Amino acid sequence: MAEMKPEEMIAHPPMDQLQGFEYCIDSNPNWGEAIALGFQHYILSLGTAVMIPTLLVPLMGGSDGDKVRVVQTLLFVSGINTLIQTLFGTRLPTVLGGSYAFVIPAISIIHDSSLSRISDDHERFLQTMRAIQGASIVSSCIQIILGYSQLWGICSRFFSPLGMVPVVSLVGFGLFDRGFPVVGRCVEIGIPTLILFVASSQYLKHIYVRRLPILERFSLLITITIVWVYAHLLTVSGAYKHHPERTQLNCRTDRANLISSAPWIKVPYPLQWGAPTFDAGHSFGMMTAVLSTGAYKAAARLASATPPPAYVLSRGIGWQGVGILVDGLFGTLTGSTVSVENVGLLGLTRVGSRRVIQISAGFMMFFSIMGKFGALFASVPFTIFAAVYCVLFGIVAAVGLSLLQFTNMNSMRNLFITGVSIFLGLSVPQYFFRYTSSAQHGPAHTKAEWFNDYINTIFSSPATVALIVAVFLDNTLDFQGTAADRGMGWWDRFRKFKGDSRNEEFYTLPFNLNHFFPPS
């Protein structure tokens, strides 16, 4: 038998675009399927949109009615920002929703002595909301400047596929605490959701109805509907009547108090909570939460597109900064970032269509105005969302690992950088989390509150820690003569807009706007 040539032994050569997608970024399913898929993305976005206000509003002294208004506002603004990003930003099929990165600086503002001493709960809620709005508005300027000045594009010259592996991977892996630890709070709902979701999306995905793989496309919608009905039956039958309060909060479908507190129709509007207030310390702490680009790279791969060039990323960061400005004006308690779970859903459904995400943005705005109907969908127990996160966050993490195909993993240097970056990216934030849980404040605890927020926010983010470690090591450790090992030969042609002909197809602005804003 003749010996196989080395090139013949490579069964899976590296690929610029992920294969096997039914619809990529600029191809669209029929309108009926697109609307159903858009509604599915809307349902998935409800998890974060409800969880962040549920966490923060009670700490501010707000009522259930205040919480509902914040949820509605967050969804409405998320719809606006998603449309802006898909039309004029990166143009990737990304849902922009609330960001947990803003929770730490927001809690710091909530605990500020000048606000916490206000005795009237409603007044304290309003004053705290206005302080958070002011900090968000100021912090948005950093992202707007970094994006539109092309400073982020200049910084990206220090990035490589090797350096991006830990960053994109930890966009998914770094959210592990929102997965099974939350499922475990109500296993009788969480475990069936996880099993049914995996079974329907993977083992039964070849079941077709009218030439449509119905379970692969809509496994999330079907799973959530079935388990939601099951959870409601448990609730009304009194199954949790004598259980601890924590169990009831995580299992019952009637504990969010959203439906009873929601108005029938309410249109969110800017400055609805009053004029924002500005404080330098609050704003500086909030600035550390604004940057996030790893999810854009994952979204590009799961939309079967080429990696976004530096110019496109800068454009997206600039518009994301505008989105945070809009968050501050409307009062959402958080800033906007790419919804990681919705990025994972692109891969699970094998539909990376931009139009589907734009339709989901329409659902966000519509149901945020129709308060009672939106509150009905938002009453899904968070345990159900946590179960599907276990799958979707894992998909995004795997996308990050897939970038290793462009690097030389037979190099000890590359193994060192990858391993250390991923480990520290998980370990350092875990230390900060445990320290904060036990001491009720972060490891940085000085008299300068802005400095504490700055350090505690940065090092509580797995993707940010991984970015710092990976980029530093990749550009300082034996970097001369290692361009090929780092994957730079493949990466270089995607750094410039005109470096690859496909960039124009995927990332050109609509309405001939490229003539007025040519790629730099």
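Any Cβ shown, glycine's included, is placed from N, Cα and C.
In TrEMBL, the transmembrane segment annotation falls on 131-152 of the listed ranges 131-152, 285-306. The transmembrane segment (220-240) makes contact with the transmembrane segment (182-200), as judged by at least three Cβ pairs under 8 Å among residues 6 or more apart in sequence. Between the transmembrane segment (356-378) and the stretches 39-58, 158-175, 384-403, 415-434, 454-473, Cβ pairs under 8 Å are most numerous for 39-58. Sequence-remote contacts of a segment are chain residues at least 6 beyond its ends whose Cβ falls under 8 Å from one of its Cβ atoms, and for the transmembrane segment (158-175) they are 292, 294-295, 297-298, 340, 344, 389, 393-401, 403-404, 406-407, 414, 417-418, 421-422, 425-426, 429, 461-463, 465-467, 469-471, 474-475, 485-488, 490-491.
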